[in-house]
Amino acid sequence: MTHQTHAYHMVNPSPWPLTGALSALLMTSGLTMWFHFNSMILLMLGLTTNMLTMYQWWRDIIRESTFQGHHTPVVQKGLRYGMILFIISEVLFFTGFFWAFYHSSLAPTPELGGCWPPTGIHPLNPLEVPLLNTSVLLASGVSITWAHHSLMEGHRNHMLQALFITIALGVYFTLLQASEYYEAPFTISDGVYGSTFFVATGFHGLHVIIGSTFLIVCFFRQLKFHFTSSHHFGFEAAAWYWHFVDVVWLFLYVSIYWWGS
């Protein structure tokens, strides 16, 4: 490696941005094909390409940070700014869904029956599965904080236990959400209520799956001693993301499940 007199990481040429963009194109095109022609071939191809890209790209980043020492404090600072901006963009993303929901519910049109929920819609009871889901995610927020503090204090086993509990709670939340969707008395086709409900909660569920994936990767990295008490931004970013998912769910619960019912 050539000698450099600065702390920045000069990344080597990589094919993964190209394959990542290709997978995004395949997934969005595949989603359209699935909706309109009931064909999932392109969607499955896009998902497979996306998962392979993520695996290989993360593998490269882990190699560069953990084994080659490219993630200096200056580089980590840049990564922190990047993660903060990413979470801000996600906040704006969900703001659009809440805007659509409140735009429709605060002034229901005559087509909706002049009331909210619209005529003919039987909303879910917010004190049943949604309340359990809220408890599960709040508990996972406590356990991920426990894992983070254990890591900073050098308690490796406690960190692994807390992280495993968080992952288990995330998987449990996903299963509860899937059962709720299966038993829901309305569908995404049931007007503005169905579409705002399933798009907002569905995208949140997707973020829970993504966050759980981040945490699973961190769990296996910790098993291989990749994190230290002072060098663990990969885990820290996953924890930030998980707290974001928690907060979004609280807004979803209060707005769509409780107030909206």
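Cβ atoms here come from the backbone N, Cα and C positions, even for glycine.
According to Swiss-Prot:
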- 1-15: topological domain 'Mitochondrial matrix' (TOPO_DOM)
- 35-40: topological domain 'Mitochondrial intermembrane' (TOPO_DOM)
- 67-72: topological domain 'Mitochondrial matrix' (TOPO_DOM)
- 106-128: topological domain 'Mitochondrial intermembrane' (TOPO_DOM)
- 184-190: topological domain 'Mitochondrial intermembrane' (TOPO_DOM)
- 224-232: topological domain 'Mitochondrial matrix' (TOPO_DOM)
- 257-261: topological domain 'Mitochondrial intermembrane' (TOPO_DOM)
- 16-34: transmembrane segment (TRANSMEM)
- 41-66: transmembrane segment (TRANSMEM)
- 73-105: transmembrane segment (TRANSMEM)
- 129-152: transmembrane segment (TRANSMEM)
- 156-183: transmembrane segment (TRANSMEM)
- 191-223: transmembrane segment (TRANSMEM)
- 233-256: transmembrane segment (TRANSMEM)
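Nonlocal intrachain contacts for the transmembrane segment (73-105), taken as residues 6+ away from its ends with a CB within less than 8 angstroms of a stretch CB, comprise 7-9, 112, 116, 192-193, 196, 199-200, 203-204, 207, 233, 237, 240-241, 244, 248, 251, 255-256, 260. Sequence-distant contacts of the topological domain 'Mitochondrial matrix' (67-72) (same chain, at least 6 residues past either end, Cβ-Cβ under 8 Å): 7-9, 79, 231, 233. Helix, strand and coil content of the topological domain 'Mitochondrial matrix' (67-72), in residues and according to DSSP, is 1 helix, 0 strand, 5 coil.
Predicted-model confidence for the topological domain 'Mitochondrial matrix' (67-72) is 86, expressed as mean pLDDT.
Tertiary neighbourhood of the topological domain 'Mitochondrial intermembrane' (257-261): same-chain residues 101, 105, 116-117, 123-126, 130, 197, selected by CB-CB distance under 8 Å and a gap of 6+ residues from either end.
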